[in-house]
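Right, one structure below, let's go through it.
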Amino acid sequence: MIHNQTIIKERPAPSSAVGPVAWLRTNLFNGPVNTLFTLIGLYILYLLVVPTVQWAFINADWVGSTRDDCSREGACWVFINARFTQFIYGLYPRSEIWRANIVFAGFFTLIAWLAIPRLPFKRWVAVFALVGFPVIAYVLLHGGYFDLPRVSTHRWGGLMLTLLLATVGMVGALPIGIVLALGRRSNMPIVKSFCVVFIEFWRGVPLITVLFMASVMLPLFLPSEMSVDRLVRALIGLTLFQSAYMAEVIRGGLQAIPKGQEEAAAALGMTYWKRMGLIVLPQALKMMIPGIVNTFISLFKDTTLVMIIGLFDLLGIVQAALSDSRWLGFSLEGYVFAAFMFWVFCFSMSRYSQYLERKLHTGHKR
Amino acid sequence: MSVRPNTRPAGHKPPFWRDRAKRALIFQLLLVAAVAAFLLYIVGNVQDNLSARGITTGFGFLSNTAGFGIVQSLIDYSSQSTYGRTFLVGLLNTLLVGGLGVLAATIIGFIVGIARLSPNWLLARLANAYIETFRNIPLLLQIFFWYYAVLRTLPSARDSLAFGEVIFLNVRGLYLPEPLFESGFGLIPATFILAIIASIALVIWNKRRHEATGKRLPAYWISFALIFGLPLLVLVATGVPITWDIPELRGFNFRGGITIIPEFLALWLALSIYTASFIAEIVRSGIQAISHGQTEAAQALSLPRNLVLRLVVIPQALRVIIPPLTSQYLNLIKNSSLATAIGYPDLVSVFAGTTLNQTGQAIEVIAMTMAVYLTISLLVSMFMNWFNARVALVER
């Protein structure tokens with residue numbers, strides 16, 4: 001029995017175990033080697049951050065309209081400001097930009113709707129995004145219907161073209177990829193070998209040769225009276241290239257579904273397409289989403305290569321603006337801007353895919 | 001419930017569309033027919049188009065004179081050489097930047113990947129920032145950045161940046177001293193090879209002895225000393241038979257030494273830095289994939305920390321790391337084709353670019369270019385399969 005004994009009061013943990021000092025000790029200055037690393041790291045940080053901040057913010061020029069407004073030694077963001085419309089829409093006519101804006105707004109709304117888990121009617125929105133929206137977007141962007149003036153594809157460019165190439169390439173590649181992946185797992189030897197050859201061929205060659213092939217060889221493959229738009233040629237090349245990578249992602253997802261699922265469906269008397277469409281693919285697609293997002297990120301970065309065959313995507317238009325004689329010598333600003341735009345898109349997509357991976361990390365892990 | 005009687009008379013076969021094997025056969029025959037028809041259609045169109053444009057097919061053009069110069073070639077090349085020679089020069093340049101890129105990307109990638117796992121918070125953050133920055137910016141943009149924004153803005157030859165008066169960097173490229181080997185130098189590579197053979201023998205003998213008696217020598221340190229110390233000793237003993245050809249400013253440009261063109265530098269830097277960010281992630285996840293129980297079990301056997309890493313963690317991590325690592329190497333080699341955007345004379349640039357434009361032999365040129373990359377890919381995936389089979393876990 002404890003009667004008169006006073007219980008020693010709780011005391012806060014010593015500062016060597018909690019608090020900022022302890023944190024510094026365990027994470028930064030734990031032992032001589034780590035201290036050395038920390039000091040080197042701080043020095044590198046100092047070397048990188050101080051000049052960057054000075055160049056990009058403190059000594060930068062922000063307002064103006066010509067290069068004469070850039071008098072300080074830092075970055076000349078005036079250049080970006082003056083060319084901003086071009087960087088986003090390419091050479092799209094100024095008076096018609098509202099059409100592109102509607103497409104942009106619709107595109108981002110749909111993406112957000114599909115990406116945010118809480119919003120309802122996912123299935124109908126997805127169907128609209130895949131079927132209805134492309135038609136609306138084409139009518140709006142290309143024109144020629146409903147009294148909208150025609151804007152030919154060689155005037156499309158900038159971020160708009162980058163997004164268009166990546167999205168169309170992706171959406172086109174998905175069904176081809178599914179067919180190829182199913183074919184690669186098929187028991188029919190001829191189907192299987194066709195699919196293997198097709199996939200390995202596209203995966204084995206660099207995208208640039210595919211684009212060269214699409215722009216140089218495709219006109220040879222078609223009857224001479226048929227001419228294909230340069231943008232469409234690039235899209236065909238991108239889609240075929242992407243479909244092979246997509247097929248491998250889908251194959252990975254299919255392999256993760258236990259064979260018992262398919263066997264159980266077969267035992268219920270389902271046909272091959274019912275087994276795949278109702279049992280295997282819905283389960284597999286869920287697990288494939290992170291992989292699909294990752295291939296989308298690499299496709300998004302790869303769209304920059306279309307500038308080599310003469311299309312003006314975001315990087316292409318920045319590169320073209322840099323050779324403008326009125327704005328020579330601002331390549332650093334141009335590249336930093338383009339890099340920032342790409343980085344924002346890719347980084348947010350990769351974060352989203354990591355989030356999905358964590359969210360889907362249940363179920364099949366037994 | 002009534003059970004349907006089996007009405008099928010004995011000996012009656014189901015119709016052929018209910019027979020899975022026959023259905024598969026018919027489907028596959030249809031597929032072959034469709035693909036063949038498609039190919040025939042294309043071949044027909046190609047023949048029509050080519051005859052309309054007056055282009056003759058075939059590889060005869062490879063022995064024609066190219067008539068253009070190439071800024072960097074590892075073998076003798078002049079504008080009088082043939083297109084076949086152009087192909088070789090381009091291939092070698094691709095392999096050069098690919099090989100050096102793989103080397104640099106591996107070194108940077110492993111350092112950053114291990115730093116990412118460091119207990120040092122700052123170091124891990126810096127490594128993470130490196131990975132997230134360079135992974136999410138298109139490679140072509142990075143190549144342009146290094147080429148146009150960094151290397152093209154360097155001073156001219158007269159105001160070159162000098163490093164110790166032997167290495168010079170200017171807008172025309174990087175100038176390094178070139179070693180010239182005098183007679184008697186042949187001994188040094190010979191000693192080097194001998195030392196390698198001796199070290200291998202030593203390691204094998206040491207391993208046998210260790211297994212038989214439990215005693216071991218620090219064989220790795222001894223072989224390290226053998227391989228690097230012995231040639232150095234011979235070098236000093238023979239009186240250092242090397243002279244250096246140091247680049248020198250004559251007129252408007254540097255003469256002598258080795259010149260590394262800025263196109264190569266930009267491509268090499270961008271490829272290495274970009275690929276290294278992916279390799280770092282692979283290394284990190286490979287090391288993290290080894291369950292902590294492995295490390296703890298090894299520590300329970302009172303293995304010292306360096307042996308825990310060398311004998312337990314790294315061999316298992318390599319099994320996870322090597323397959324994605326080789327596919328990154330493959331990506332690097334394929335990505336080196338972006339050289340064409342800045343004019344580094346790689347295969348795509350000089351062959352699928354200049355040669356194609358001059359000869360118009362689109363099909364042959366693109367096919368040869370693709371065949372090169374496909375061959376490299378196939379060789380690497382064959383190696384991968386062999387490696388996977390060798391190291392695969394034997395379970396159950």
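Each residue, glycine too, has its Cβ placed from N, Cα and C.
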Between the ranges B:55-75, B:286-306, TrEMBL assigns transmembrane segment to B:55-75
Find the member of B:24-43, B:129-149, B:184-205, B:217-244 that has more C-beta pairs under 8 Å to the transmembrane segment (B:264-283) than any other listed stretch.
B:129-149
Same-chain residues at least 6 beyond the ends of the transmembrane segment (B:129-149) whose Cβ lies under 8 Å from its Cβ atoms
112, 116, 262-263, 265-267, 269-271, 273-274, 276-278, 280-281, 335, 338, 341-342
List, by number or range, the same-chain residues at least 6 past the transmembrane segment (B:217-244) whose CB is under 8 A from its CB atoms?
166, 177-185, 187-189, 191-192, 194-196, 198-200, 202-203, 206-207
